Amino acid sequence: MSSASQQVLWWPAPLRVGPLNGVLEVPGSKSQTNRFLLLAATGQSKCRLRGCLWSRDTLLMRAGLEKLGASFLALPDGTIEVSPITTRVLREPVTIECGLAGTVMRFLPLLAVAFNVPITFTADVQANARPMQPIFEVLKRFGAKVTFSGGESFPFTVTGPLTTLPERIEVDCSLSSQFFSAVLLALPFLAESPGTFFIETVASPSHPHVAMTVATLKTFGHEVSLVSDSELKSLKATATITSQPTFNQRLPELIVEPDLSSAAPFIAAVAFAGGSLQLPAVPKTSTQVGIRFLEIVSELGLLTVSKTEDTQNCYYRVASLSTDFSTSPLEMNLTALGELTPILVALATLLPHETTFTGIGHLRGHETDRLTALEKELGKLGIECETGPDCLRVHPPAAPAVTRERSQPVKLNTYNDHRLAMFAALMGLRQPVLVENIGTTCKTMPNFERIWQELILGVENE
């Protein structure tokens, strides 16, 4: 098992003294990159990917797929040519490292059941706190043997072969939508012949990520329909898997969208510092959670969002907004938008009213218990916050949200969580802050520190 332990480095977050003005460039979407990599690696023929994000999570996905027999060739024009897995027979047992990547630890074990050798999965120590039981249950239903070194956690070993692939598959997704996506993404590889499968769950947070999975499957030639109830408490999918999708025969080039979730702290920085920011082009058909973030910051009255578009893309610009806020308490359900919670919590500290975020209990099982961590770190900044089983409430700071002079910077811990590192950098715009191991942002955005300093300070780093 790998360890996330490392020497603690404290990064002085830059304070902003004037309005921002710039054009934001962010790398490709982590969620979309890993879905593209997996389906390309388990497809029927080669394809090319452009705009992939190469961060810790995506490099772990790529390495895991290589262990299973896929190959990835970097071409001079920046695209990646993916040669898919051609055999289910491996010469010897393999070990796949998952780090803290939910997409790796939940998506790849379902592929492992198809192979002839035991496949072991290892991860960072913190990964043992992340829910995995639904994956183990599906594996056993498929006929796989799952063995553990200790409790039902990492490391674990999956031993095939696949003995049954039922047409109806139930999976508990109450703690993560990734369990639902994992089943959908594995079906094209596990199905020996074309067929129709029915997957359902009683609950699933983060429906946009499931929608992204469905859209990706359709891109690769499979038919998937998704049905949810009006309250988003149940989810059912019908997937018709095509063994020879015609789309995959033309060596297509697929383009990964820019990561709007990683853009969120930069967008929020405009609310903290003033000014404006131009965002990269986003396809009109985007299923990313970050699209909703643009709507929320506008609804909160913190930013104005303008949009232009052409036949394929939308182009967004955000600008600071001076307005008279309502003092009435606000409640916002973030069940489908959980990954945006740390940045929205930071924005809530700018509002003159109490703000409650609900439907986020599943964040207690992410890279860390994000609700407890946010409560603790806000407390260090003198901001009152309280949490419940699935909610978090932010009380407006007693003093106006302006730069506060302190004899010593406040040390904000990140818990090896990339979203909390971005949250800490954002809070450092208004008062001196030292951020623990800002490098943890490499999980989804390896050049975050450089881009942040260039935007906030208005200078390029050497």
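Just so you know, glycine gets a Cβ as well, placed from its N, Cα and C.
Heads up, TrEMBL stuff is auto-annotated, nobody curated it.
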Site-mate of K30, G102, R130, R370, R419, K443 for phosphoenolpyruvate in TrEMBL, selected among Q7, Q44, Q178, Q312: Q178
K443 (phosphoenolpyruvate binding site) and H366 (3-phosphoshikimate binding site), distance between Cα atoms, whole Å: 13
Site with most surrounding Cβ atoms, counting all protein chains shown within 10 Å, from the binding-site residues K30, R35, R130, R419, K443: R419
Distance, R35 (3-phosphoshikimate binding site) to Q178 (phosphoenolpyruvate binding site) (CA atoms, angstrom): 11
Alpha-carbon spacing, S177 (3-phosphoshikimate binding site) to K443 (phosphoenolpyruvate binding site), which is rounded to whole Å: 19
Secondary-structure category, per DSSP, in which R130 (phosphoenolpyruvate binding site) falls: coil
Pairwise CA distance, K30 (3-phosphoshikimate binding site) versus K443 (phosphoenolpyruvate binding site), rounded so that it is a whole Å: 9
